[in-house]
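Feature list (source: TrEMBL):
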| type | residues | note |
| --- | --- | --- |
| TRANSMEM | A:18-35 | transmembrane segment |
| TRANSMEM | A:103-121 | transmembrane segment |
| DOMAIN | A:147-326 | domain 'ABC transmembrane type-1' |
| TRANSMEM | A:151-174 | transmembrane segment |
| TRANSMEM | A:194-220 | transmembrane segment |
| TRANSMEM | A:265-287 | transmembrane segment |
| TRANSMEM | A:307-329 | transmembrane segment |
| TRANSMEM | A:349-371 | transmembrane segment |
| TRANSMEM | A:449-467 | transmembrane segment |
| DOMAIN | A:469-649 | domain 'ABC transmembrane type-1' |
| TRANSMEM | A:473-495 | transmembrane segment |
| TRANSMEM | A:507-526 | transmembrane segment |
| TRANSMEM | A:595-621 | transmembrane segment |
| TRANSMEM | A:627-645 | transmembrane segment |
Amino acid sequence: MTTLSAGAVRRAARLPRSWLFGGVVAVWVLLWIPLHGQDTLALSTSELTSLHERLNDLRDAINNTRGSSPVFSAFFDVIREAVDALTVFLQSLISQPAYGRPVPLIGWLGVVVVATLAAYAAGNLRVAVLTAAGFTSFGLLGYWQQSMDTLALTVAAVLICLVIGIPLGIWAGLSDRLHRVLTPVLDFMQTMPTFVYLAPLTLFFLIGPASGVIATLIYAMPPVIRITAHGIRTVAFSSVEAGTSLGATKWQLLRTVRVPLAKRTIVLGVNQTVMCALSMVTIAALIDAPGLGQVVLRALQTLDVGTAFRAGLAIVIMAIVLDRVTTAARDRVEARYRLGPKARGRRRIVLAGLGVAAAVALYLSYTYVWAAFFPGPAGTGVVGGQVAAGVTDASDWVQLHLGAVTDAIRNAISYGLLNPLQALIAQSPWYLVSAVVLALAWIVAGPRIVPTVAVCLGLLVATGLWQEAMVTLAATLVATVIVMALGIAVGVWMGRSDRADALIRPTLDAAQVMPAFVYLVPFLGLFGASRFTAIVAAVVFAAPVAIKLVADGVRGVPATVVEAATSSGSSAWQVVTKVQLPLARQSVTLAANQGLIYVLSMVVVGGLVGAGALGYLVVAGFSQSDLYGKGLAAGVAVVLLGVLLDRTTQAAARRMDAGTRRGRDQ
Amino acid sequence: MPEPLISAERVPAATVQDGPPALAVSKLWKVFGPRADKIVGTPLAELPRPELLERTGCVAAVRDISFTVAPTEVFVVMGLSGSGKSTLVRCLTRLVEPTSGDVLIEGEDLRAADQRRLRELRRHRFAMVFQHFGLLPHRRVLDNVAYGLEIRGVAKAERLRRAGEVLDLVGLSGYADHFPDQLSGGMQQRVGLGRALAVDPRILFFDEPFSALDPLIRRDMQNEVLRLHHEVGKTMVFITHDLHEALRLGDRILIMRDGAAVQIGRPDEVVGAPADDYVRDFVADVPKSHVLTIRWVMRPVRADDPLDGPELGADVVVRDAVRAVLSSAAPVKVVHDGELVGMVDDEAILRVIVAEEP
């Protein structure tokens with residue numbers, strides 16, 4: 001760095017950052033007026049760059065060598081076949097005809113009773129009843145087999161995740177070195193939008209259930225590793241030291257102190273992994289994984305809101321059941337060793353009774369048709385048809401009668417926010433946008449971020465999808481602004497009022513367990529297929545995370561500080577703006593970071609309902625052979641956008657934190 | 001009547017030295033930081049703490065400490081927070097690895113022990129009681145007490161039987177099936193104490209065991225330790241930041257400051273003859289008459305002293321001597337080993353009690 005520019009930076013640093021930020025944006029707008037429309041690197045949908053063609057060729061080359069290359073026969077095929085064996089086994093147990101029978105080994109009755117037994121064993125009576133009701137509703141909605149396919153894939157993925165993830169997490173909890181190596185890998189796995197690694201995976205693992213499970217593994221494994229490691233790391237040091245002082249070996253410490261004390265946290269990790277797995281299994285429908293996701297996907301593509309809602313409802317019910325059962329299992333870790341002998345005896349009796357019932361149900365469902373096939377009309381189920389018809393009617397009614405209202409909302413956001421921003425970002429010359437992004441990143445996150453941002457921008461240009469990426473960026477920014485507005489408003493309210501917290505938090509928790517896919521359905525019903533639907537779905541998808549982070553941050557502000565501010569006569573508004581938000585600003589920045597990542601992944605999923613840009617290309621890449629390479633490049637572009645936004649906001653958060661600390665030292 | 005600071009019941013430490021001391025520490029150093037092993041023995045080691053940190057990035061938590069502890073002695077290490085006392089006690093069990101120096105446990109070089117031998121020693125020779133208890137919240141009180149035996153591989157029936165006995169000993173009969181978080185702080189520390197006693201160690205280390213407890217409970221627990229010491233006669237090394245606790249419990253006291261030893265001595269020596277201003281400040285508020293023996297207030301025998309007064313031993317605490325001295329017309333004769341070593345008159349006693357000076 002030359003002394004000149006270093007001096008300029010030092011002078012510039014004296015100006016408040018918000019002024020600099022505003023200045024850069026003002027210059028941008030002024031330059032946009034003469035320059036817009038030039039060098040926007042636009043590319044029509046069917047046009048391919050040489051990179052896209054090369055990617056197509058690469059796919060063909062890989063497909064041609066599949067049969068002969070040892071890399072496949074010795075590595076990828078081994079993995080795929082192992083995963084496939086497990087998946088097929090689970091499917092033949094509960095969902096697919098197998099072993100020469102026209103039905104799976106275990107019919108619906110057996111599955112319902114065994115699931116109830118498992119829920120009781122892991123949790124309590126309440127979740128057992130919930131499980132029985134939930135599982136029965138799959139059949140009533142007419143999606144028994146699809147639900148069981150989804151369940152089988154989820155269980156397969158979760159089993160593999162836990163077998164690998166828990167030992168790895170424990171190891172990472174014990175070894176600092178492994179933890180340091182693993183953390184960035186897990187970060188990357190988690191920031192990558194779910195949608196994006198499906199296409200590259202199919203190159204190596206083909207399409208179908210096995211590759212669906214493998215994609216799910218990648219997405220669902222990080223939480224259990226991370227949370228297990230965290231649990232092991234945060235075991236009270238005094239307990240570990242006490243064990244050591246009595247002469248415990250490392251293994252004894254692990255067995256008697258670390259794992260038992262971390263168990264509750266580990267089960268929380270299992271819960272997270274189960275929810276991630278379910279979410280990804282439904283999305284894996286794009287690479288031909290069977291189950292409810294397929295139904296939703298097909299319905300979305302044909303704009304059949306009723307069917308999408310019916311299958312979406314089954315997914316939501318499954319999500320709620322799995323979440324409640326694993327949460328109850330976590331609470332039971334505490335409760336179990338506190339049970340008195342009497343309660344323990346009672347529990348044993350119920351378990352034994354359920355066990356006998358399960359054995360009988362298994363036998364019946366293996367032998368009799370009525371217990372194997374879920375009764376009811378084929379295709380629609382007992383209530384499925386009515387549900388779908390009702391939702392379709394409601395959607396039509398809304399679009400007919402409330403069209404004015406939904407259009408008004410849509411137009412207000414489209415014309416007021418989205419269109420101007422999109423025009424500014426996507427219609428500026430690429431070099432202008434790049435310069436502005438670099439300058440803004442420097443201002444908010446410091447000079448260290450500049451190389452990363454520059455590399456991301458360069459690679460974005462190289463993907464040949466610059467303009468699509470900019471359109472996606474505009475949509476992401478609009479959605480994130482709305483998410484943050486919601487996050488701060490509702491988060492502060494929840495942080496200050498216990499009642500609001502008690503009222504809203506369960507809703508947010510429930511919203512967070514829903515698979516990303518499902519969010520599209522109701523908004524498709526309200527707003528039809530458009531980029532706006534994707535934005536609203538993204539806002540609803542990302543808002544719970546942001547709200548909870550802000551609320552926790554505001555709650556984390558020490559009560560004494562708030563008390564001191566109140567006692568010196570601050571108004572509620574002053575307490576919020578001068579005490580609570582500034583002290584919670586790390587949480588707020590983290591909320592912005594998470595909001596961006598969530599929004600980005602959802603904006604891409606929105607490609608399914610007409611959001612256009614990168615999302616559309618990713619989806620098109622799955623279905624149209626010619627566009628495979630372009631879809632892959634679009635996926636890469638999404639990852640680049642994600643890395644750019646994630647790194648910049650994280651660096652900004654760190655810098656803000658460091659700035660506060662430096663200020664305090666002086 | 002307030003309780004005496006020094007319990008009359010205390011078992012005197014074995015004065016006859018047959019065999020090695022229970023614990024012998026010499027020239028013990030613990031330096032934290034980069035290249036910590038390069039500091040000891042160089043001029044750097046002489047630097048005061050802030051300067052050492054500035055120059056090397058290292059902190060000398062324990063500096064050149066030497067002492068011995070006799071079997072059945074209660075040895076107290078006292079210092080303010082940051083004085084290195086907790087690090088010192090961890091070096092004695094190698095929970096923290098010392099940087100240099102020697103630690104001999106009953107003559108055996110602790111630093112030479114390999115991991116296996118170290119575990120053996122921890123399982124059989126010594127046990128520790130911690131400030132924050134370090135109990136296992138998922139186990140019953142009984143299983144917590146039996147934990148050390150479980151680690152050692154004792155069969156279940158035997159270890160539970162032994163744990164039951166220990167629970168009676170520490171006054172927790174009837175709480176066997178409770179969980180730690182159902183007990184008060186004092187009772188939790190009784191569990192910690194029971195866990196340490198269950199393995200029947202020869203040395204007990206206490207790391208500020210009562211500083212998390214409120215004052216009344218603390219007093220109870222100190223009495224408990226004195227009682228246990230009376231009953232089981234273990235060697236104890238007791239870490240505290242509370243001078244009163246040190247004076248009540250200790251046969252001898254080591255006062256630490258910035259990692260180094262300032263003074264080692266009996267309670268009356270620490271109070272009667274502080275080694276420097278730091279210790280003097282420390283003991284300024286101690287009621288002298290509760291700690292000092294009459295040896296500290298007697299005057300030499302003069303030729304004209306009447307010798308018809310009562311006799312008292314030189315180790316009688318001033319407060320216990322008040323009545324005898326004040327009620328006698330003649331000065332009291334101070335006798336040690338059958339010899340007259342000095343005289344105590346009313347004035348000397350009153351000076352200590354009223355004016356708080358020896």
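Backbone N, Cα and C define each Cβ position, glycine as well.
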Tertiary contacts of the transmembrane segment (A:449-467), as residues 6+ beyond its ends and Cβ separation under 8 Å: 40-43, 49, 51-52, 426, 430, 434, 437-438, 441-442, 614, 617, 630, 633-634, 636-637, 640-641, 643-644, 647-648, 651
Range from A:103-121, A:265-287, A:595-621 with the greatest count of C-beta pairs under 8 A to the transmembrane segment (A:473-495): A:595-621
Stretch with greatest number of CB pairs under 8 Å, the transmembrane segment (A:627-645) reference, A:194-220, A:265-287, A:307-329 candidates: A:194-220
Result, the transmembrane segment (A:265-287) in contact with the transmembrane segment (A:151-174) (3+ CB pairs under 8 Å): yes
